[in-house]
Amino acid sequence: MSPMERIHSTQYYTFFQSDKERCFYIDLGQKVVRLSFCQLLALRQRIWSINIENHFDEDINPHGLEILALCNREHLFVLNTLEVLDLKELLTGAFFLLDIAAQTPSLSPRV
Amino acid sequence: MKDIARQQMSIKVESMDMLNAQIQMEGKASASYLAMASWCDQRGYNQSASFMYQQAAEEREHMMKIFKFVNDCGGSALSPEIGNINHDFTSLEEVFETALSQEIEVTKSINRIVAGAKKNSDFGVENFLQWFITEQLEEEKTMRDILDLFEIMGRDGIALKLIDERIKAE
Ligand SMILES: [Fe+2]
Ligand SMILES: [Fe+2]
């Protein structure tokens with residue numbers, strides 16, 4: 001792994017960028033995952049499509065877990081409700097700091 | 001730090017999300033017009049049927065236009081899932097009333113995206129949608145003009161036949 005710049009951290013996760021490889025890394029605790037830009041967009045779409053309310057519904061999602069297959073199913077993760085929310089927060093912040101999101105309530109832009 | 005993400009994508013993710021929702025809406029409009037075409041075809045309203053087939057094709061074009069735009073800007077366009085299409089109408093007039101309300105919903109949605117793009121200083125998106133704004137005004141007018149025919153000519157069997165003959169697919 002070449003030198004990376006830390007872009008953003010949340011309670012559980014950290015988001016990095018590698019200028020040299022022109023890609024991104026997410027430290028998910030159990031594993032560090034390398035993502036191209038389109039894989040990053042796909043991850044965002046996957047996370048955004050999660051209906052978190054189902055985590056509180058005994059019938060639909062009794063264990064409140066989400067199975068996440070990343071990068072064409074190269075990696076498989078099981079996230080609980082708090083981890084899903086934290087990953088969402090990580091991506092929200094990272095996209096804003098990467099200058100491709102217009103809004104985030106809690107962060108100010110990099111200069 | 002290099003602007004790697006920004007170099008890959010020239011629109012904001014907020015715009016991308018709204019445009020993906022619009023892709024879904026145009027796709028649904030296309031499917032809905034197809035249902036109207038079927039209703040008209042089965043009842044011998046041939047001109048209205050042709051008109052609706054053409055509308056269905058146009059809505060698909062709108063969908064493709066946005067779809068291509070999102071991908072061309074480096075975003076990720078999503079192929080929409082379309083369900084819940086209404087096939088039941090009680091009259092030819094109701095078909096066109098439904099068409100008008102559907103167009104009004106699309107107009108509102110386009111306006112919301114333009115307002116959002118403006119707020120986010122995403123001017124490329126705002127500019128891209130100008131064509132849709134003009135298009136929506138025309139589409140609403142087309143439907144309103146057709147609905148006026150029912151006021152002028154009435155709603156009995158002969159009137160409906162005459163109205164149908166006046167409806168033109170451009
Ligand atoms: Fe349209
Ligand atoms: Fe339309």
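Using the three backbone atoms N, Cα and C, a Cβ is placed for every residue, glycine included.
Curation does not apply to TrEMBL; its annotations are automatic.
Copied from TrEMBL, the annotated features are:
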{"type": "BINDING", "residues": "B:Glu26, B:Glu59, B:His62, B:Glu103, B:Gln136", "note": "Fe cation binding site"}
{"type": "DOMAIN", "residues": "B:9-154", "note": "domain 'Ferritin-like diiron'"}
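Here the features listed in TrEMBL are painted onto the structure.
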{"residue": "B:Glu26", "record": "Fe cation binding site", "Cβ within 10 Å": "24"}
{"residue": "B:Glu59", "record": "Fe cation binding site", "Cβ within 10 Å": "24"}
{"residue": "B:His62", "record": "Fe cation binding site", "Cβ within 10 Å": "23"}
{"residue": "B:Glu103", "record": "Fe cation binding site", "Cβ within 10 Å": "23"}
{"residue": "B:Gln136", "record": "Fe cation binding site", "Cβ within 10 Å": "20"}
Excluding B:Glu26, B:Glu59, B:His62, B:Glu103, B:Gln136, which residues of the same chain place their Cβ within 8 Å of the centroid of the Cβ atoms of the recorded Fe cation site?
B:Met25, B:Ala29, B:Glu58, B:Val106, B:Phe132, B:Glu135, B:Glu139
